[in-house]
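Have a look at the structure below, then the notes.
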Amino acid sequence: MSDRAWQRPVWIAAVAAATLVMTAGVAFSQSLAPPPLTNLPPVTTAPTITPSVGPTIPALRPPGPDVLPSVEREYRRLRDAPLPPSRCNYLDNGRTCAKLWVIGDWRSVTKHKRGKAKADRVRRAPPQIVAARGQRPAVAARDHVPGEVLIEFDGGLSEQQLRALARRHRLTRVSVDTVALVGTRIGLFRINDRRSPQTVARALAADGRIRAAQANFVYTLQSDAKPAAADNSMLYPHGRLRLAEAHALARGRGIVVAVIDSGVDIAHPELVGALAGSFDPLGSKEKPHQHGTGVAGAIVARAKLTGGAPEAKILAIRAFGEGKTGSQSSTSYLILKSLDIALGHGARIVNMSFAGSQDPLIARGVAAAAARGIVMIAAAGNAGPKSPPLYPAALPGVIAVSATSPGDTLFAASNRGPQIAVAAPGVDVLLPAPDGKYEVMTGTSFSAAFVSGIAALMIERNPTLVPDQVRAVLSQTARDLGAPGRDDLFGAGEADAFAALSRVDSLAAPLVAAPATAPQPSVATAQPATPGAALAAPAGAEQEVGPAPAAAIPAR
């Protein structure tokens, strides 16, 4: 036998052995794969509402044509779901595996079919929008509406001059409104080419008839969907905030709270009789939304549940609607119009359970409202410990609220920082949802709503209170949590409604509030007017919600 003939069987045997080893390795690795995930929670993307906040998760390339339609639908769902990194999720009866990979601020989805692997394009996302393991991002990646610009005009500009200006700058007029809150005319224009809003704003700045121009920023609602079964533990905010004791002193009677949010189900048993007025600057035909209904419930629920101020009224202002991304979002333009509505209809408190980027126009609107004696309360945001400050919570004069859990710990996704004034329960809270239902909700949105209710109790007890006094009393009477004294997680501590009302009773003169340490906006804000100016009768607010339906509602 020749050497070559002798070597052939050995070579074949070696190949066979290698194949056997590789096959065994593959089989072994499959045996270690985690079991298929079932009953994945529905994904509720966060709404957007200011610039510098964009789609919740970077867009990824969808599956190719070789993937079945049913697999493609599930793949899109997995793409946006808060799954642990590198975990295989079997689709198409086990023939396709989809994995979500999260490494630092990179996010990608890979899919494997018939033994072949193909990775989707990886797109870098801003660190502040990448969710921690098991969390859903609280704000979106893009902070403004592409192709739109907001322009603040000189009051004397005629219609003919407006049309000429639009032609000169290659813009299409969408709408122009007079906003009494800031004493000016604001126009929303569409950019007719591929220029960025920043480029157009710089060009407009050279025109002396234009006071200011900026992008139309995007804002998102601050809730986190989390299915859970309802039980009495979901009612813990009532005891933690000492609402029963506080309601013996005040229930918010006649105080109007404006809720700038998604649609509110005003026919819900918890909200019947609580409406002071309803406005829809969005002009949409969408049905009531969970977030707005839940926020309104945290403020004024009055049936099986009890809100912070059950006899207050809500001014429901729908500024959030389903955008092109499918998430509830709003913009600078809509938020400013909503603030103007709140001012014009007697709101004493404005609840802002949304977040976005720093926005000069909204900063002016918030400052103008506070200067007229309106208490401005905002969700701190659900973007996590490494997020930069979100707005409007980080604006001077705004009471920023972080969220606590049933165990007196901070909600893991809650924003932190020097802007935090106080904390309030916001994890696994049972609240009303559309169509007469109830859901378990989580997020700083609902913490802010509870504090808005407490503020309504304080103002009923002492109608002369001004915003700085409300903030000071809340801070001075809060129950300290975390490190002794004020900290960046809980602010002064968890709000205490009964202690706040007791303190309000003892007020003989306006308090001097501790200076806010929130980051200062880059543009000048309106000078405050005389605090305590006469205000019209209060109104109520609405918002949009997020989590899971609860089967039964425990009796109080």
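Heads up, the Cβ atoms here are built off N, Cα and C, so glycines get one too.
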Pick from 237-276, 437-476, 517-556: which stretch is listed in TrEMBL under region 'Disordered'?
517-556
Give me the CA-CA distance between SER445 (active site, charge relay system) and ASP261 (active site, charge relay system), in Å, as a whole number.
10
Do you know offhand how many angstrom separate ASP261 (active site, charge relay system) and HIS291 (active site, charge relay system) by C-alpha?
8
